[in-house]
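The structure is given below, and queries will be raised subsequently.
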């Protein structure tokens, strides 16, 4: 029995939209092996020229497809199409991920740009312009600011806007006729708003505790009264006490006891801060002069600075507890007046900062 060797055409990569090219190669292979058994299903009709048919199919020209073409098209193309669809879906997924990352990068850049504009406005207000130049030391702080701190400043700006809205709402309600249930809802919302600020500060302190401690996110007049990144609870109670009238004897006693407890807690935190400053100074100053390398001192100082975040959180916890205790001592209407007075107090400090900055820019 004579065995004719079959010459296989090397496979060639073809696309879904090139079905006839591969079929042409298969036909050429069968044509070159004429002594090979050929099934009747793929016999080329006698009235067609094999050479011209092969040439037409290899160039993708239209013709009457024979049964083999139909079988190959139906049996081979679905797998190719499914693979191509899967590749397209994967490419689309990666494209969406790249687009999402790009949008996030744009948003971060936008936040940084807004913050730089705010810092520039703040520099103008605080008189950092000298002639036609800018004090770059005052603004160098912005260059190294992390995206987390930029996001905090944006959040704090929205927080102040919401506080102003709540103040207007409380003022309107207290001058009108409203039920205690509606008033209680406004008081609870205002309390939650302050608690939200404490959570925001706690997250920001983990990123840059010096930024929170310095109060750079507040106006200059607010920074003048700053105590461990915020207001001093005992002093604030002293300012707000006249707005609580009329108070019962028991309420007055409770408020005085609360203020005394706040003073004791504030003294303990202040003493802890002084001790931390003392130990931090010793850590930085340790070592011999002229060593050139400060790595051991910096490592020790960094470990001690971790306690600074705890001080900020404890101070905010004291503010949180003071507000809650005042809410417990006062009636709903008294608490609403107290929150209104507290909000207006901060509004007046911000207005004082703006007025002082405007006075500095006036010609003498």
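Just so it is clear, glycine is given a Cβ too, placed from its N, Cα and C backbone atoms.
Per Swiss-Prot, coiled coil is recorded for 79-127, 257-277, and the stated evidence type is sequence analysis. The feature compositional bias 'Basic and acidic residues' is assigned by Swiss-Prot to 48-79. As annotated by Swiss-Prot, disulfide bond applies to 256-262, with the evidence given as sequence analysis. Per Swiss-Prot, domain 'bZIP' is recorded for 78-141. Residues or ranges marked as domain 'DOG1' in Swiss-Prot: 149-359. Under the heading region 'Disordered', Swiss-Prot lists 39-79. Marked as region 'Basic motif' by Swiss-Prot on the basis of sequence analysis: 80-100. The region 'Leucine-zipper' annotation in Swiss-Prot covers 106-120.
Locate each feature and note its surroundings.
Across the coiled coil (79-127), mean pLDDT in this model comes to 78.
Counting same-chain residues at least six beyond the ends of the coiled coil (257-277), those with a Cβ under 8 angstroms from any Cβ of the stretch are 227-228, 232-234, 237-238, 304, 307-308, 311, 314-315, 318, 322, 325-326, 329.
Contacts of residue 256 (disulfide bond) defined by a Cβ separation under 8 A and a same-chain sequence distance of 6+ are given as none.
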If you draw a 10 Å sphere around the Cβ of residue 262 (disulfide bond), how many other Cβ atoms fall inside it, taking every protein chain shown into account?
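The answer is 22 other Cβ atoms.
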